[in-house]
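Data first, discussion second: the structure below is written as C-alpha cells.
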Amino acid sequence: MKRTARTQATSCGADARAVEIDRNMILGSSITIGAQIGKSAVYLISTVALARALAPEDFGLFAIVTAFTNFLLLFKDLGLSAATIQREEIDQAQISALFWINAISGALLMLLVALCAPILAKLYSDARLCPVTLALSVNLFLSSLTVQHQALLKRQMRFLTLAMIDLLPLAAGTAIAIVAALQGLRYWALVAMSLTSSASAVLVTWIACRWRPSLRPPQTPVREMIRFGGYLTGSNIINYFSRNADNMLIGWYWGAQQLGFYDRAYQLMFLPIYLINTPLSFVAIPLLSRLRKTPESYEEAYLKLLRLTSLLAMPLVIFLLVTADWTISLLLGPQWGETSRIFRWLGLAALVQPLANTTGWLFISQGRTRELMWWNLASSAISLLSIIAGLPWGPLGVAISYSLSYLMLNAPLLLCFIQRIAIFDSKKLPRGLLLACGQSFALLVALITLRYSLPGLSKTSAWLLALSLTLSSVLYFLLRARYIAALSR
C-alpha cells in the first residue's frame with residue numbers, strides 16, 4: 001500500500017511538473033510570437049513610410065555605417081547573457097561583475113567605432129559618413145547597459161515584460177524617424193530612429209528590472225562564465241561569416257545583379273524560419289536551462305519545442321516550395337522570375353532548419369558552448385566548400401550545391417553531435433518531427449493537387465487559396481497537438 005501511495009504521489013508530481021512545463025511553454029510562445037507579429041507590423045509601417053519620405057541615397061548612407069556597427073554588435077554581449085540565463089545559481093556579485101564587463105566592452109567598442117569614423121568617410125569619399133558613424137557609435141554603449149538586466153528577465157521567464165521591451169522602443173524610434181523624415185532631416189531621421197530605440201530600450205529595461213549593479217566592480221571570480229561566453233561569441237562569429245560567405249563570393253564572382261537574385265531568394269525563403277525561431281529561443285533556453293537536472297522533464301520540454309517549431313515552420317516551407325514562381329512574381333514582381341528556381345532549391349535546406357536551429361538550445365542550456373563552436377566550425381567548413389563548388393554555375397549552382405550538402409553532410413553530422421551532447425535518448429528525436437512530417441506530406445499533396453486541378457483560377461487567387469490552406473493546416477495540427485490540451489487542465 002505504501003509503495004502504491006508513493007508511486008501515485010510520484011505520478012502526480014510528474015503530472016504537475018508536465019502541466020507547469022506546458023503552461024510556461026504555451027504562455028511564453030504565445031507572447032513572444034505575438035510580439036514578433038507586432039514588431040513585423042511596426043517594421044512594415046516604418047519601411048513604407050520612410051521609403052516614401054526618404055531617398056535611396058539616405059538608406060544607402062545609413063547602410064554603410066550599420067554594416068560595420070552590426071558586426072561589432074556581436075561583441076557587445078560576449079555571450080554573458082546566455083551565461084546568466086544558463087547558470088543554475090548566480091549571485092549579486094557575479095551579475096555585477098558581468099554587467100561591468102559588458103559595459104566596459106560596450107564603451108571600448110563605441111570608442112573603436114568613433115576612431116574609425118574618419119577612416120570610413122575617407123574610404124567611401126563621403127564626409128557625411130563621419131558624423132553619422134560618430135552618432136551611431138553610441139548605440140554600442142547603450143545596448144551593453146541592458147544585457148544583464150534582460151538576461152535576468154529571461155531567467156525569470158518574464159516573457160510579457162520582454163515583449164514590451166522589444167516592442168515599445170521600436171515603436172518610439174519609428175515614430176521619431178517618421179516625424180524627422182517629414183521635417184526634411186533626410187538620413188538623420190534613420191540615425192534618430194536607431195538612437196531613440198536604443199535609449200528607450202535602456203529606459204524601459206531598467207524600469208522593468210529593478211536589479212541594480214554594485215557601484216564598485218566586484219572582485220568575484222567569473223572565469224567559468226567568461227569562458228562559456230567566449231565560446232558562444234566565437235560560435236556566433238563563425239556563424240556570421242558562414243551566413244554571409246555566399247553573398248560575398250557571389251557578389252565577387254558574378255556581380256551585383258546575380259547576387260540580388262540569390263539574396264532575395266535566400267531572405268524570402270528563410271524569413272519564416274527566422275520569425276518562428278527567434279521568439280521561441282527566448283522561451284526555450286531559460287526553460288531548458290531550468291530543467292537540465294531532470295532529464296525526463298528536459299526531454300519532454302525539448303521534444304515539445306521541436307514539435308512546435310516544426311509544426312509552424314515546415315508547412316510554410318512546403319507552401320513556398322510549391323508556389324515558388326507565384327510567390328516571387330506576386331511579392332517581388334515579374335523582373336525577379338530568375339529567382340524562383342534558386343528559391344526552390346534553397347527550400348530543401350530550409351526543411352532541415354527546425355532541427356538545426358533547436359539543436360543550439362541543447363548546447364547552450366547544458367553549458368556546452370565549446371561543442372557548439374566546434375559544430376559551427378565543422379558545419380561552416382562544409383557550407384563554404386559547397387558554395388565554392390557551386391560558384392562556377394552561378395547563384396543557382398550555389399543554391400543546389402549548398403542545399404544538397406546540407407541534406408547529405410550537415411544533417412548527418414548534426415545528428416552525430418546531438419548523440420554526443422543529448423542528456424536523453426537521441427533516438428526519440430523522430431517523435432518531435434513525426435507529426436510535422438506527416439502534416440507537411442499531406443499539405444504537399446494537397447497543394448500540388450490544387451495547383452494543377454484548378455487551371456481557371458488567376459495566379460493571385462490560387463496563391464491566396466494555397467496560403468489559406470497552409471495556414472488552416474498549421475492551425476488544425478497545432479490544435480490537435482498535445483501541448484494545447486494542457487490549457488484545459
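Each Cβ is built from the backbone N, Cα and C atoms, and glycine gets one as well.
Summarising the annotation, TrEMBL assigns transmembrane segment to 61-85 (among others).
The transmembrane segment annotation in TrEMBL covers 97-121 (among others).
Among the features that TrEMBL reports, transmembrane segment is placed at 127-147 (among others). Counting residues 6+ beyond its ends, the transmembrane segment (127-147) has Cβ neighbours under 8 Å at 61-62, 64-66, 68-69, 72-73, 76-77, 80-81, 98-99, 102-103, 105-107, 109-111, 113-114, 116-118, 120-121, 165, 187-188, 191, 194-195, 198-199, 201-202, 205-206 in the same chain.
Feature annotation from TrEMBL assigns transmembrane segment to 159-181 (among others).
Annotated transmembrane segment per TrEMBL: 187-208 (among others), in sequence order.
Residues 71, 74-75, 77-80, 82-83, 86, 364, 367, 369-370, 372-373, 376-377, 379-380, 383-384, 387 of the same chain sit 6 or more residues outside the transmembrane segment (228-245) yet have a Cβ under 8 Å from a Cβ within it. Taken from TrEMBL, the feature transmembrane segment covers 228-245 (among others).
The transmembrane segment feature in TrEMBL is assigned to 265-289 (among others).
Among the features that TrEMBL reports, transmembrane segment is placed at 301-322 (among others). Packing against the transmembrane segment (301-322) from elsewhere in the chain are residues 21-22, 25, 29, 268-269, 272-273, 276-277, 280, 283-284, 287-288, 291, 343-344, 347, 350-351, 353-355, 357-358, 361-362, 424, 428-429, 431-433, 435-437, 439-440, 443-444, 447-448, 451, 466-467, 470, 473-474, 477-478, 481-483: each is 6 or more residues past its ends and has a CB under 8 Å from a CB in it.
Remote same-chain residues near the transmembrane segment (342-364) are listed as 82, 86, 232, 261-262, 265-266, 268-270, 273, 277, 281, 284-285, 288-289, 302, 305-306, 309-310, 313-314, 317-318, 320-321, 324, 327-328, 371-372, 375, 395-396, 399-400, 402-404, 406-407, 410-411, 414, 417-418, 421-422, 429, 433, 436, 440 (criterion: CB distance under 8 Å, separation of at least six residues from the stretch ends). Residues or ranges marked as transmembrane segment by TrEMBL: 342-364 (among others).
Feature annotation from TrEMBL assigns transmembrane segment to 373-393 (among others).
According to TrEMBL, the feature transmembrane segment maps to 399-421 (among others). Non-local neighbours of the transmembrane segment (399-421) in the same chain are 246, 262, 265, 341-342, 345-349, 352, 355-356, 359, 362-363, 366, 368, 371, 375, 378-379, 382-383, 385-387, 389-390, 393, 429; each lies 6+ residues outside the stretch with a CB under 8 Å from one of its CB atoms.
Positions annotated as transmembrane segment by TrEMBL: 433-454 (among others). Same-chain residues lying 6 or more positions outside the transmembrane segment (433-454) and placing a CB less than 8 Å from one of its CB atoms are 306-307, 310-311, 314-315, 317-319, 321-323, 351, 354-355, 462, 465-466, 469-470, 473, 477, 481.
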